Amino acid sequence: MYQNNNATQDKSSHDIADIRLASEGTKRIKWAKSHMPIMSSLIERLEKDKPFKGLTIGICLHVEAKTGVWMEALTKGGATVALTGSPGSTQDETAAALVKDYGVHVFSHREETFADHIAYCKEVLSFNPDIIADNGADLHELIFTDRSFSHLQSTLQGATEETTTGANRLREDFNSDKWSTLIINDTLSKRIIENRFGVGSSVVDGIMRATNVMLHGKKVVVIGYGYCGSGTAQRLRGMGAHVTVVESNALTRLEAHMEGFYTSTLEKALPDADMVITITGRDNVLRKEHFELMRDKTIIANAGHFQREINTHELETMSSTQERIRPHVTSYQIGENQKQLFLLSDANLVNLSAGDGNPIEIMDLGLALQTLSLERIALDAKSLTKIPQPVPYDIEMMVAELSCEHWINH
Ligand SMILES: NC(=O)c1ccc[n+]([C@@H]2O[C@H](COP(=O)([O-])OP(=O)(O)OC[C@H]3O[C@@H](n4cnc5c(N)ncnc54)[C@H](O)[C@@H]3O)[C@@H](O)[C@H]2O)c1
């Protein structure tokens, strides 16, 4: 078993589905790396410079092949890494490869529940990380709320946070001034390139893989027209769907209108929809009263960070039977007429659960932002103010220039 020098020694080193899947996972990671020129060049440099030597990094990010390339960058850069993912998005092959071939302490498996996820976040924090890289602020929350980890409030050198949801939680719920958290999602490059273009196309891909249904001519309601929702609405329109946007912010709704989308309220839009997608980052967006309005055979999916955008408990309670009819489709029978509603991927992020998540090249850019942010914290945390804040501008511009070099000028 891989020996970790910095972390607590008398604890399990990993918890994954099946170590025998490692060779398949290593192939996936190598395929991803072959399309990640920015990360490949960073890996070469970090292996020489070793900026993370002696440091333990605790990470929460989807355990999939592109993340695997990031793990290679951090371990070759000298770090001990403990990693967990999110419910529904873990590739068990990648998890096995990271444990066996990359020496990462992985706590994650495909079928994990949200309770498992929190237990795994605790496993990661029990390695006493010097730096954390978070996804949705679950690691941050534990450091602030669980006494077992409160000592990290004074020892942590810094953190990154990947998502819109995590950024909202850090600013609205925790308001920490104990260390700097660099918010990857605050960069325009992540918002525009990843959220708009990457999420837009991968959500369409995930829905098509999950259902195998045609999108042309379908009436699709997209709830939330932020960076991810607008990209998703655009890509769905490109596939021939008739898209209606439901957006709570008046200015953003106006933007959707100016882009030529129908805009409406849930009450008006749902009875006529073939498909409904939530992508807001907020809880309980779809509830009992909304399921009641939907017609027979409506397909429902979530692409926002947390499953709880859709109240699956209320959907279960109001249905007489539930049946998994395809690997990513559950049918709920509802009411006297036995209306069927189809929920994709148990309301987990449909692009990561039913598909492979964002295209590889897009995550080459996003993970370069992550890597350089962690390097800045490791080498120069004192230059950063101790609050949640954007990634330093020079890092964002460096990654944008590298992307131009590899995507356009090559
Ligand atoms: N699936 C993925 O791969 C992926 C990638 C990045 C981000 N995300 C997640 O997607 C979600 C959205 O991210 P974003 O960057 O687009 O955020 P954003 O803040 O840019 O947009 C969210 C939009 O939803 C609207 N909204 C909020 N509550 C609403 C409601 N009840 N009804 C209608 N509209 C509502 C807001 O006004 C806002 O315009 C977040 O949870 C984020 O973490 C997912």
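Even glycines carry a Cβ here, placed using N, Cα and C.
Small disclaimer: the values here were computed from a predicted structure and weren't measured.
What TrEMBL lists as NAD(+) binding site is THR163, THR164, THR165, GLY226, TYR227, CYS228, GLY229, SER230, GLY231, GLU247, ALA303, GLY304, HIS305, ASN351. The annotation domain 'S-adenosyl-L-homocysteine hydrolase NAD binding' is assigned in TrEMBL to 195-357.
Features per TrEMBL, on structure.
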residue	record	CB count, 10 Å
THR163	NAD(+) binding site	23
THR165	NAD(+) binding site	21
TYR227	NAD(+) binding site	22
GLY229	NAD(+) binding site	29
GLY231	NAD(+) binding site	28
ALA303	NAD(+) binding site	29
HIS305	NAD(+) binding site	25
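Among THR163, THR164, THR165, GLY226, TYR227, CYS228, GLY229, SER230, GLY231, GLU247, ALA303, GLY304, HIS305, ASN351, the residues given in the record as binding NAD(+), the maximal Cα to Cα distance rounds to 21 Å. The average per-residue pLDDT of the prediction over the domain 'S-adenosyl-L-homocysteine hydrolase NAD binding' (195-357) is 96, rounded to a whole number.
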